[in-house]
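Worksheet: one structure, shown below.
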């Protein structure tokens with residue numbers, strides 16, 4: 001399609017004023033958009049983004065979440081508090097995400113900087129998922145090791161595709177927003193599909209069978225590594241790579257010592273750490289409690305898919321209504337609403353909804369949509385704030401560091417929730433004290449409003465860092481840093497779904 005044809009095509013779409021035709025016009029417009037990206041960036045890159053974000057992250061997230069829950073409950077016979085703690089352990093590879101970013105940026109393998117890491121991440125994922133699927137009566141320690149390895153494979157591939165997206169954003173600045181849209185669209189659609197079919201698959205082939213299915217997305221990552229277009233680097237200076245690794249570490253430490261950086265970091269950690277996760281206690285109550293709703297696997301999967309829709313609504317709501325509001329104001333109200341949303345679980349556990357003739361499924365689905373939407377509204381300002389805390393020259397790696405701090409906060413919340421369930425003796429068969437756990441969790445969710453003074457009160461569109469930290473590097477340094485990994489917001493947001 002030539003340039004004149006494209007202009008004529010766009011003009012025709014805008015001249016058509018009928019609503020029905022406008023809606024139908026969106027379909028060919030999306031095909032034109034994908035064709036434009038393919039022509040400019042090559043089909044292999046576009047395919048890689050769809051596979052990595054849509055299949056390996058999005059769809060796999062939905063499938064692995066539900067299958068792991070049932071695997072912990074039915075195969076390993078774990079208590080809710082134990083499963084809660086082990087879920088945190090599985091996510092440890094994401095805490096060290098900056099390490100993967102620095103490795104793929106500074107340590108080429110056999111003359112390639114990206115391809116080997118795709119192949120490595122895919123190979124680790126395939127071996128881990130097949131090991132879980134094939135072995136019978138797998139010991140808990142080995143099962144956790146396999147689950148952690150699978151998580152590490154996804155994390156390595158995630159960081160590597162982030163770097164590829166950043167490189168193309170630098171070489172094709174006019175297509176940067178289009179690439180982020182492609183990443184977000186692929187991830188969102190993949191998650192919805194994954195959550196929607198997860199319950200049915202677990203019912204049909206069991207949780208271990210789903211692990212076997214998850215080896216397919218990991219295998220596709222290996223395919224991405226094979227088809228990725230990358231220039232071979234001759235005579236790699238590994239000593240220089242080591243020096244670059246140390247220089248990046250020193251630069252990050254210097255940035256963290258800045259007051260405008262460490263104060264928001266403390267708030268982000270405490271805010272996430274106090275948002276205790278008790279989802280395993282609720283999951284066991286949904287499925288095993290004698291007086292509970294006894295949801296089927298299909299229902300559990302559908303609840304999660306509705307939660308994913310709520311998260312997308314939260315992103316759209318923030319983008320269109322709250323992105324220009326001060327961080328403090330948005331965080332204040334979302335923190336209060338986030339605490340209030342947790343009390344819906346209290347209505348379920350106390351069975352108050354049945355007294356008014358409201359079915360359990362209606363309440364749970366409504367709660368999933370609302371709580372995920374509020375959780376995303378609370379999360380989005382923190383992501384935007386994090387992007388403004390990154391000094392010039394180390395933007396990508398420092399953003400990954402901030403995301404690691406957030407993951408540590410979520411890990412603390414996961415383990416704290418497990419400790420709370422254990423302290424109040426919430427087990428596979430005992431749920432008498434679950435309401436107390438819900439009340440404590442809801443109160444703790446509100447407490448971060450008292451440390452909002454750590455968050456800048458300035459215009460969200462204004463710069464936060466000192467001027468000297470925003471100055472660009474010299475031209476010779478810029479070329480070298482063009483390949484630094486810069487994690488797109490969408491990948492961090494998607495990972496956050498694992499813990500909400």
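From the backbone N, Cα and C atoms, a Cβ is placed for every residue, glycine too.
What TrEMBL says about a protein is an automatic prediction, not a curated fact.
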Feature transmembrane segment in TrEMBL, mapped to one of the ranges 117-134, 243-260, 351-368:
117-134
Please identify the range among 140-161, 470-491 that TrEMBL labels transmembrane segment.
140-161
Region pair the transmembrane segment (41-63) / the transmembrane segment (182-204), three or more CB pairs under 8 Å:
yes
Selection from 140-161, 330-349, 398-422, the stretch that has most Cβ pairs under 8 A to the transmembrane segment (266-287):
398-422
Other parts of the chain folded back onto the transmembrane segment (140-161), taken as Cβ under 8 Å at six or more residues beyond its ends:
48-49, 52-53, 56-57, 60, 64, 68, 71, 76, 78, 86, 89-94, 97, 100-101, 104, 114, 117-118, 120-129, 131-132, 214, 218, 221, 224, 400, 485, 487, 491, 495
Among 182-204, 210-228, 299-318, which stretch has the most Cβ pairs under 8 Å to the transmembrane segment (117-134)?
210-228
